[in-house]
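As given in TrEMBL:
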- 6-30: transmembrane segment (TRANSMEM)
- 73-94: transmembrane segment (TRANSMEM)
- 106-127: transmembrane segment (TRANSMEM)
- 147-168: transmembrane segment (TRANSMEM)
- 181-201: region 'Disordered' (REGION)
- 260-279: transmembrane segment (TRANSMEM)
- 299-319: transmembrane segment (TRANSMEM)
- 331-352: transmembrane segment (TRANSMEM)
- 372-390: transmembrane segment (TRANSMEM)
- 402-423: transmembrane segment (TRANSMEM)
Amino acid sequence: MRILDLFVVASMPIMKVLMLTALGSFLALDRVDVMGESARKQLNNVVFFVFNPALVSSSLAKTVTFESIVLLWFMPFNILLTFIIGTAIGWLLVKITKAPQHLRGLILSCCAAGNVGHLPLIVVPAICREKGSPFGAPDICHTYGTAYASLSMAIGAIYLWSVVYNVVRVSSAKVNKEVNGDDSTRVMKSTGTGGMPSPTLPDQQNYTEPLLPSKNCSISVCTHELSFSCAKSKGTVKVSDFDKIWQYLRIISRKLNLKAIFAPSTTAAFIGFTIGLVPQIRNLIISGNAPFHVVQDSALLLGDAAIPIVTLIVGGNLLRGLKGPAGICMSLVIGVIAVRYVLLPLLGIVIIKTAVRFGLVHSDPLYQFILLLHYALPPAMNIGTITQLFRAGESECSVIMLWTYGLASISLTLWSTAFLWLVS
């Protein structure tokens, strides 16, 4: 196809997204206040708990089979590559720009995590419906495009809440530690023998009674092993191996935030995989002759509402970047834009073309297009949610989102055109 024809095919979905985003921004204005902050929060909860899971589960259940699982193995690896490469380039950006400590986690997250969930769900089905699409029959393209994008959303949610969540958590913890260290004061007094000061408390008193017996008695306290032994009682109390393993699992669960990782969309993806891969369940729900096909039809009906509502919410959220000053220099914003819209797409073309050449990715042009699209997306919107949880760079995140999503209309159109030309 000619470049101009591909540009028209790629630009139409972006124009639709822009119109819905502009409508969301208009409805979120203080004068209108139809989609104010509280309304957006409630809508976001409905999308998070109802519409997105319905869309993901229904799409995957309809298209996933054992054969397709073998063909789609490269997608989780591809999204992981975007996280790894983005984090590495983001680390270089932090070092070059000498970003302040409280913004380093935000910069790394914006460079690493793209919006691999909602934007592919918006762009890919819309391209499939366009006249002149290089992906074949619109209905089949729409079905498989939605399934690919749903799988992308589920995988992206797992990586986002396991990687980005902990990057921001560690970064904010360092900032809080530094602040607490700077604010704390210690009262020191001289020992009188050599002039070395020692810390004291305001109400310090002298105690002559030992707190613990000093003869043949020891305490060993560690996060990995708890034991107490004393020669007087000749007894030892040890934590069992089972209790140790259980404690380790609880620590890992708290650190990784498993509740967030197994979000409703991720759980819905597992349900969709189960329905699609188990023939007995699939025959009960999928296809028009299935006795419980009304369940699938209802899920599809709910899922169709997810995309327009999410686009409206995104438009309303972008207004936060215009309200109030933010302590972020434009060099960091420009750096994030360069990483997401220049460096990552170029590297993505090299990676996907190399994978196709060596037979790691099958020849489906729609599948290749989605893999390429992973490298050209703006930062994930959930990064803003994570920064709110730790109160680390909330206003700065809004500014980055405003600029990256404002330029996404141009960037996505150009890169989608290039990707369509490469796969067709």
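Just so you know, glycine gets a Cβ as well, placed from its N, Cα and C.
All annotation found in TrEMBL is predicted automatically rather than curated by experts.
Where the transmembrane segment (331-352) meets the stretches 106-127, 147-168, 260-279, 299-319, 402-423, the count of C-beta pairs under 8 angstroms peaks at 402-423. Within its own chain, the transmembrane segment (299-319) is flanked in space by residues 17, 20-29, 35, 40, 43-44, 46-47, 50-52, 54-59, 61, 118, 121-122, 125, 381, 384, 398, 401-402, 405-406, which lie at least six positions past its ends and keep a Cβ under 8 Å from the stretch. Contact between the transmembrane segment (6-30) and the transmembrane segment (147-168) does not hold: fewer than three of their C-beta pairs are under 8 Å, each pair 6 or more apart in sequence.
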